[in-house]
Amino acid sequence: MKLRGLYAITDSQLLAGKFLSYVEAALEGGVTLLQYRDKSSDEARRLREAEALRDLCDRYKTQLIINDDAELAARLNVGVHLGQTDGPLMPVRALLGRQAIIGSTCHAQLELAEQAAKEGASYVAFGRFFNSNTKPGAPACSLDLLDQARSKLHLPICAIGGITLDNAAPLVAHGVDLLAVVHGLFGAESTAEVTRRARAFNELFKS
Ligand SMILES: Cc1ncc(COP(=O)(O)OP(=O)(O)O)c(N)n1
Ligand SMILES: Cc1nc(C(=O)O)sc1CCOP(=O)(O)O
Ligand SMILES: [Mg+2]
């Protein structure tokens with residue numbers, strides 16, 4: 001499966017009271033990957049929500065990725081996204097199998113991406129590219145790094161951090177395969193606007 005297009009990421013606070021309706025609206029507009037990102041330790045709710053997302057993703061033929069939690073990903077037979085403090089990648093690859101999608105946060109460091117590629121990552125994520133409401137403290141990353149990454153790496157490149165429809169086009173022009181977005185997608189006022197935004201993000205990959 002080609003990993004290219006919109007990578008929608010959930011946010012439990014932003015989506016409170018409209019979680020599934022907003023996610024479904026995004027899937028309606030087209031989502032290549034959907035990440036369940038919930039930083040709480042409420043295991044029961046996390047399992048319930050992740051199962052609901054898996055069922056929704058099955059209906060829309062979208063791939064579900066769980067943030068941080070390889071055990072939950074294994075339980076649901078879906079992919080996982082790992083940051084630099086979320087544990088080593090290789091045992092997770094062994095746990096989830098060769099086909100599973102495993103993403104790796106590489107901040108603004110090409111060496112981290114080269115290491116992740118060696119260890120079997122399915123995609124590497126660089127960021128943050130713009131100011132992020134969701135994660136204000138994330139280290140900054142430049143378009144120059146994308147050019148270097150594009151020439152050195154042979155796996156999909158994901159960009160994250162403050163991405164909106166107004167600032168995403170240069171990222172795609174610099175070789176990004178996946179646009180990972182929270183507020184720029186789910187910060188919309190209505191489900192119709194979420195769907196419109198998802199479609200518009202995907203349009204950026206067609207020109
Ligand atoms: C697609 C994508 N890229 C980066 C991250 C950030 O992961 P991490 O550094 O582990 O931070 P948290 O998201 O866990 O707070 C991500 N989740 N997804
Ligand atoms: C979860 C996350 N990781 C980042 C990184 O730079 O590693 S930025 C980020 C938040 C992305 O949300 P928004 O689209 O609202 O800025
Ligand atoms: Mg993490």
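Yeah, the Cβs are placed from backbone N, Cα and C, and that goes for glycine too.
Long-range Cβ neighbours of N67 (4-amino-2-methyl-5-(diphosphooxymethyl)pyrimidine binding site) (same chain, at least 6 residues apart, Cβ-Cβ under 8 Å): I9, Q35, Y36, R37, D38, V80, H81. Under the three-state DSSP scheme, N67 (4-amino-2-methyl-5-(diphosphooxymethyl)pyrimidine binding site) falls in the strand class. Taken from TrEMBL, the feature 4-amino-2-methyl-5-(diphosphooxymethyl)pyrimidine binding site covers Q35, Y36, R37, D38, K39, N67, T105, K135.
Long-range Cβ neighbours of D68 (Mg(2+) binding site) (same chain, at least 6 residues apart, Cβ-Cβ under 8 Å): R37, K39, V80, H81, L82, G83, D86. The annotation Mg(2+) binding site is assigned in TrEMBL to D68, D86.
Positions annotated as domain 'Thiamine phosphate synthase/TenI' by TrEMBL: 6-184.
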Quiz item: Where the criterion is a Cβ under 6 Å from an atom of ligand 2, which of the binding-site residues D38, K39, K135 meet it?
Solution: K135
Quiz item: Within 10 angstroms of the C-beta of K135 (4-amino-2-methyl-5-(diphosphooxymethyl)pyrimidine binding site), what count of other C-beta atoms is obtained when all protein chains are considered?
Solution: 14
Practice problem: Return one of helix, strand or coil for D38 (4-amino-2-methyl-5-(diphosphooxymethyl)pyrimidine binding site), based on DSSP. | Solution: coil
Exercise. Among all chains shown, work out which of the binding-site residues D38, D86 has the most CB atoms within 10 A of its CB.
Key: D38
